[in-house]
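As annotated by TrEMBL, transmembrane segment applies to 31-49, 81-98, 105-124, 136-155, 167-186, 201-221, 268-295, 310-329, 336-356, 362-384, 396-418, 430-451.
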Amino acid sequence: MVENSVPRTKRKRGLVIQWFQPQDTPRERKLINKLDLLIVPYAFLAYWVKYMDQSNLNNAYVAGLKEDLGFQGNELVQLQTMYIIGAVLGQIPFMFLFTYVPMHWVIPFLDVAWGIFTLLQYRVTGFAELAAYRFLVGWFEAAFFPAMHYIFGAWYRSDEIARRGGVFYLGLTLGTLTAGLIQAGASERLEGVKGLAGWRWMYIICALITIPIGVIGYFVLPGTPDRPNRLLLSEEDVAVAKERLQRDGHVTEGKFSWKGLAKIAKTWHFWGLILFDIFFWNGSISTSTGGYLLWIKSLGRFSKAKVNELGTISPALGMFYTVAICFASDLVLGPAWAITVAHVWNIIGLIIQVIWEVPEGALWFSFMTTYSAVAMSSVLYGWVNSQLKAAPAERAFTLVLINTVAQSTTAWTPLLVFKTVEGPRFTKGYSFVLANAVCLIGMAHVLRIYLAKKE
């Protein structure tokens, strides 16, 4: 196993912005361009609506949902937990299905289903109903992230994944940003239209964006080399893809088996990756707990629309962080150091949030660093892809399982450290996230050293 398939000599030369490698033939470059146009834009759009539909709860909460539904306690964090429970349980079947069912069937179906349950949230009348919808949105969103990384790993070499994953991951920050803008517009222009509050209109608008993108997925996703979408790819395309991957040590076929599961469960690095991912998920939960929006609202000088508009600044900066970190990982730093850079910046903001009693400008700055925490997600999962390129079934299982186990921890940790009634000053929460960010950096270098010795 190696840290990354890019030769180290290339990293020593400094930053060289390139989309192809010198060894790629003209025919391979044509195929890569085709795959990029099919996979990357759809992945970006679908992840955009995923995070728009996930984060819109926080925007609705500060835009009137809390008052309209009579919430008084920790309902916000409990609803966030219901989403996580759905997302965790929904991933489990896909450890087995990724290598059996064509991915260009699975992903569009899930996209449309989560769009339907996003829509139904506009009609909620109480906590229990909203909790059920949040669970189902989480269930149908569950497999999307590991599924897209499975597709990336099925078509691209190790040195090609992170920057394409980075473009894909821009959807997270853009989705969060868009949800804020939609809610701001709905609060300002649609409040009371057809007898509906502005936050209810937001769910309708989000669903009208989500469902068509899900339908489009069937026509644009190329599947995987062993189960390609024949509407899009010729036999020659698939043959060229398999040949270029096999030269790099990739295996393009293989099904899940219990024997393979037992084999990978006996390896040290498998458990190390689970721990690594746990630190990542808990070192970035402050992006989803609503602390930034609750703090802006607590200042008491902004309208509902303005609160949501200001809430888009942090995820907008996250788009820059994501591009910078993912390209730097592929072209200059490698995974471990790219993760380090991202989370050092995150740690600076978290230290300010733990102290809290600082000038208001310092708190604004601290919240501007928040999305650096998730900027390295595609670096981490691209690293996992590259380590398991020789075993598709093990790769599918590992991608899903580490994501499932790590995300499951965030179903209960916010209930302990990000209680809504303690907001916006979540001292326990920000301290917890800070500790995980430090551990994440340490684990990245433990893994880097281990893999270097294996090489």
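Glycine is no exception: its Cβ is also placed from the backbone N, Cα and C atoms.
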(message) Between the transmembrane segment (201-221) and the transmembrane segment (336-356), are there three or more CB pairs that fall under 8 A, provided the residues in each pair are separated by 6 or more in sequence?
(response) no
(message) Given a Cβ distance threshold of under 8 angstroms, which distant residues of the chain, six or more beyond its ends, lie next to the transmembrane segment (268-295)?
(response) 1, 54-55, 58-59, 61-62, 76-77, 80, 176, 307-308, 311, 314, 318, 343, 346, 350, 353, 363, 367, 370-371, 373-374, 376-377, 380, 384, 387, 398, 401-403, 405-407, 409-410, 413-414, 418, 420, 423-424, 426, 429-430, 432-433, 436-437, 439-440, 443-444, 446-447, 450-451
(request) Verify whether three or more Cβ pairs under 8 angstroms connect the transmembrane segment (396-418) with the transmembrane segment (31-49), leaving out any pair fewer than 6 apart in sequence. (result) no
(message) Three or more CB pairs closer than 8 Å, sequence separation of 6 or more: does that hold for the transmembrane segment (81-98) against the transmembrane segment (201-221)?
(response) no
(request) Flag the pair the transmembrane segment (136-155) / the transmembrane segment (310-329) as in contact if three or more Cβ pairs fall under 8 Å (sequence separation 6 or more). (result) no
(request) Taking the transmembrane segment (105-124) as the first stretch and the transmembrane segment (362-384) as the second, find out whether 3 or more Cβ pairs fall under 8 Å, excluding pairs closer than 6 in sequence. (result) no
